[in-house]
Structure formats: structure tokens, C-alpha cells
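Marked as domain 'FAD/NAD(P)-binding' by TrEMBL: A:33-136. Per TrEMBL, the feature domain 'Sulfide dehydrogenase [flavocytochrome c] flavoprotein chain central' maps to A:165-279. The feature domain 'Flavocytochrome c sulphide dehydrogenase flavin-binding' is assigned by TrEMBL to A:355-420. Per TrEMBL, signal peptide is recorded for A:1-26.
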Amino acid sequence: MKLNRRHFIGTSAAAAASLSAPMVLADGHGKPRVVVVGGGAGGATAARYIAKDSKGAIDVTLIEPTRMYYTCFFSNLYLGGFKDIEDIGHSYGSLAAGGVNVVHDWAVGVDRDAKTVSLAGGGSVPYDKLILSPGIDFVDGAVEGWDLSAQNAMPHAYKAGSQSELLKAQLMAMPEGGTFAMVAPPNPYRCPPGPYERVSMVAHFLKANNPTAKIIVADPKPKFSKMSLFQEGWANHYEGMIDWIGEDFGGGNVSVDPNAMTVTIDGEETKVDVCNVIPAMKAGRIAEIAGVTDGNWAPVNAADMSTKADAEIYVLGDASQQGDMPKSGFSANSQAKVCANAVRGALTGSKVFPARFSNTCWSLIDTNDGVKVGASYEATDEKIAKVEGFISKTGESADLRKATYEESEGWYAGITADMFG
Amino acid sequence: MTVRFTSLLTFLAAALVAGVSSATEVGDAVNGAKVFQQCKACHQVGEGAKDRVGPQLNGVFGRRAGVIEGFRYSKSMDRMGNDGLTWTAQTLDAYIENPKALVSKTRMNFKGIKDAADRDDLLVYLRQFSDDPANFPEAEPTATATDHDIDPAILALQGDPEYGEYLAGDCSTCHQRDGEDAGIPSITNWPAEDFVVAMHAYKRKLRPHPVMQMMAGRLSDEEIAALAAYFEALE
Ligand SMILES: Cc1cc2nc3c(=O)[nH]c(=O)nc-3n(C[C@H](O)[C@H](O)[C@H](O)COP(=O)(O)OP(=O)(O)OC[C@H]3O[C@@H](n4cnc5c(N)ncnc54)[C@H](O)[C@@H]3O)c2cc1C
């Protein structure tokens, strides 16, 4: 089948880009051009590394609609009261100072024959290599009764920023003894321990401010990341507060009513005060528009993150289907550096070193009770394959858990510096 | 009875064949006491021992690193203790051989004892001041590979800084280039030799941190040298 390569996002994205940047013109100075779509964990890192390492030999343009990037990582700690919203916001000023041409706009179309990306604000940007790191969007109809128009009544808070602030405000406004519900997502999704760290942080907040409140989690999965660590922590810190309903008890059979504020789990309807719906996910829409997805995600080659569909287009982070790495900020950052090295090599002939990847995800269960899981990975012909991994153990000493939490703070400072400079 | 750590494995193997005999003249606490002379400026051991420049050493075997109440350890030592470093014959042996191999920024300003036999004797001597002194074979794992020190050929490797720069991408996700060290130590501008020695200690799992064991585990000698060269020269 011949792909129709010219596609455009509808008007909603275009309307959202009311603060669009001026027209970007192709300039004719002959340098190779890299366009990066999405200034998150994958895209910001890739743009920064290519600009920094090519020392001006490559023209790097980053297209990102928001002026402040709020990290999803540590957004749960914001819910728990361990961080302020300002702590997790990052502007693009330092990337621009580092030589990246930052354009605040939405990419709405990709013309793979002409090799241009079109912008919501008008105009298009030519590329020699295109890197897409658009993160996730939600699968339509994944949770019965919920769609994006319900995201104010029932926030997902799975893209950080105003959604995180909304969920926090709802949490703070919960009546005494009220109920917080979460609808957890099916695999694969962004940040496997994320929903459960969030449950821990919500419980931490409620324990101090609303101790008779309850948390119900409807989960379509029979088990989840770091499960024994979270369950141990919940029993130790939040005894009796959290009711996790897994697949075996109908946790996957869920519908919600955002007007009535009810959640129905396996036929049983409950009135709730806050409902955090985290639907099934797919690659950010622009990947599909570019025609590089197969099903919900974009299959890529492990050696350089180029897509199976188009050798000039690369997909990083959550949107990619790469094999064994979890969808995390750490993974996206790691993949971005491999990709940056390969793209620079392809465009300037610089040395290309073999791909290697790693990931570690820290989670906070309660004050000074941090845990982690991680692994190293290599590129094989079929996929990014896991080499070796580790996970925190149940029953660890309080000192180690505290050190693990402090380490996560060090990591946060490290990765954000690595992304933005 | 005295036991020399180095030959313990051989000894045990031989003992299985021959039956334990009295002919196990290994490790010499008397010589160990002499070796301890060079430690005495800073450490006390035995009855009434107190913390001085270094902590007192009674009961050091089986003790977690950095836990003596009131003693001011380096940040590095605190970290290692939290990571799970415990003093056993093996870790003490590595530490005494080259303190920086185990604890990069230790306050123990000591070049190390390179002679394996002297270290064994010293450990036999020190072991008398920990619980269960006489019982080497039964006690806590005492069998140990001897030389932890790095082959000089590995230390002499000239790393390729360009490759190091690429590999450093794996480090800078956590270790900040600007030298900030809250929660995670800084590795910027580290002397290359310290870097190499530390990475090899992780690789051999002498240092306890699981992330670092994993990261170091997949680096070749050349790659470690490349990283060391890069971080040493980082501006
Ligand atoms: C609650 C929570 C906790 C988490 N905790 C951790 C953690 O502790 N550690 C960890 O490693 N990871 C964590 N993650 C996961 C992490 O946030 C993601 O895996 C990571 O952000 C993925 O990076 P990315 O580049 O793929 O996407 P993102 O970081 O989401 O970046 C995508 C960017 O693309 C932009 N974009 C999208 N479409 C377009 C378009 N058409 N045109 C232009 N720009 C576009 C978006 O505005 C966005 O800025 C967490 C996630 C959540 C939700």
C-alpha cells in the first residue's frame, strides 16, 4: 500500500497554538538541518546534544508548543507536597542559548517526500533528519464514559502542568472522609510505577490532612511495577487506606460518569470525590500523522532509533516501540543520546559509537522512603534488549531508603540539566 | 591457630582431602601487630580504644561502614555505608590495599598496604578484637581473592576522550557536570586514576551500589579509561 504522506492535524491543535511563532523559512546556507518535534525528555536532550556536539555544523530546530516544560517526573511529589509546581517547570531559554533554534508552535503535518514539517501557525520547516519525541496521547474510548472533554472533571494528570495543578486542587478540596478513585492504565504506558507512586503520594497527603479518606484503584492489570515494594509501603505507612482492585476482581471492567462523579467497577457503582482517569496510551499524534506508526506506537531500529517506516525519521521516548525499555524520562534521555550520536554521524561524518542504553526509575512511597528499579540494555537486530537489571528489596533499612530518595533528587537535577543545559 | 586469608580456599580444599590437621600455619597475628604500627597514628584497637583521627577498630568485622555514633566520616564513607558496604575480610582487605578503591573521598589519607601477606596478618590481628576471633573458617565469609589492585597495564591505558564524551552521556543523566553533588556524588574533574580504580571496584562488585555495579559491569577496560580521561579534563 502506498502511504499518503501528506497529513494534517485538525483544527483543535491549530487553535491551541494561538501564541504561534513567526513563519520559519528555510534558509539556504547549506548546513544540514535537523528538526526535532517535542521538547520533552527525548526531544530536548536530542536537540541539545546535536547542537552542542556538532559545534554549529548542524542547524537544529526544536518545535515545541509550550513555553514551560513541566516534568511528569516528580509531578507525583508535587501532589504529595514534596515539591512546588515551580520546582518541576523548565523553560527553553538555555537550549536557545546553546544554539538550538526553538520554535514555539505545534507541528501539524509531515511531508516525507518534500522533507518538511508544517506548523500550526503557518509555514513549514525543511529537514534532512527529523526526530519525533511527542510523548503520548490517549486511546479514544479506552475508559467508558471518559474522553478528553471530561479531563477537567476527571483529570488524567499524565501530562504535567495544569492537569497536575487541577488534580492537586481537587485532592485538597476533598471532603473529610471522602473517596479518591484512580483508573489505572493497561500496558504498555508511560512510567510503569507512575500510577502507584501517585497513589502513595495521594495517601501521604491524605494521611496528614484527611486521614479518614479512602483511595480506590481500579486496575486492568493483575500485577504492576515494584508491586511488592509498594504493597509493603502501603501496609506500613497507609494501613487500611488503599483498596487496589486488580484484574482478578474486575478492576479492568470500569466505566465512569464525569457529571455524576461516579465510578462503576465490575458492576458496582461508587460515588467519588476525585477521579483520576489514566486511559490507555498511544504515541503522540504527530507520529501517526507522519505515517511512522504501526498500531499505537512507532517501531524503531534499536541501533539508532530510526523508524522502520522511514530512515530519515527517528522516534524517541514514549512514542517509540523499541523493545524492552520502559517508557520513562530516563529511557527517552538515554535513547536521545544514542540517536544524537547517530544523526550527527550521518550528517557530518563524525564517529558513530555503538548504541547502549540504561534506565533507572525511582519512586517515593512516603517521606524518605524511596525505592528504585533499573536495567541496562543493548541494541540487537530486532530490538532494544535488556542485559541486566536490579530492584530495591522489601525490608531495606531506613537509611538506605532515605539515601535512595536523596539519590532521586540528585538524578532529577542531573537529568534536567542534561536535557536543558 | 592462625589463618592466612590468601590461602584459605586452598587450605579448605586441602583440608577436605587430608582432614583438618594442625599443619595450618597461616596468617600471623604477631606480624599483624607490627603491621598495625603504621595504622596507630590514627586508629586504636583493644581495650579502652577510642575514636581518634580514625574510628576505633574493635568489632569492625561485620560492621556496616560509617556507623560509629559521633564519629565524623567523609560524605563518601556515609554514602558507601548507606549503599550497604559492610566490613568483611574481603572488603577490609580491598580497603587497606587501596582506600580509594572502595571509598573515593575517604578521609583515610593512607596509600595502602600492597603486600598481601602483610594485609592478611593485619586482618588476623584485627580480627582478634571482633566477635568470634579464633574461628576463621566458620565465621562470616573470610575467604578472599587477594589482589584487588588494578593491573598497572589497565591503569596505564590511554583513554580516547571522544569516545569518553559519548559514553559520558550515560553518566550525566545522574551525575551533574557542574560538580553539584547533592544525593549523587560529583565525578567531574576526578583524577583519572581514582576514577579507574573506583569503576573497577564497582565492576568487581566490591563496591555495593546496584546502579553503579550495573553501569560499570558493562564497561570494558578501554571504556573505563576513556571515561576517566574525559571526566578528568572536563571544564
Ligand atoms: C506521573 C508520572 C511520573 C513519572 N515519573 C517518572 C520518573 O520518576 N522517572 C522517569 O524516568 N520517568 C517518569 N515519567 C515518565 C516520563 O515523564 C516520560 O516517559 C517522558 O517524559 C517521555 O519523554 P518523551 O520525550 O517521549 O515525551 P515528553 O517528555 O512528554 O515530551 C513530549 C513533548 O512533545 C510536545 N509535543 C507533542 N506533540 C507535539 C507536536 N505535534 N508538535 C510539537 N510538539 C509536540 C509536548 O508538548 C511535549 O513537551 C513519569 C510520568 C508520569 C506521568
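Backbone N, Cα and C define each Cβ position, glycine as well.
DSSP labels the residues of the domain 'FAD/NAD(P)-binding' (A:33-136) in these numbers: 29 helix, 36 strand, 39 coil. Assigned with DSSP, the residues of the domain 'Sulfide dehydrogenase [flavocytochrome c] flavoprotein chain central' (A:165-279) fall into helix, strand and coil as follows: 38 helix, 31 strand, 46 coil. Model confidence over the domain 'FAD/NAD(P)-binding' (A:33-136) stands at 98, taken as the mean pLDDT rounded to a whole number. With helix defined as DSSP H, G or I and strand as E or B, the domain 'Flavocytochrome c sulphide dehydrogenase flavin-binding' (A:355-420) counts 23 helix, 30 strand, 13 coil.
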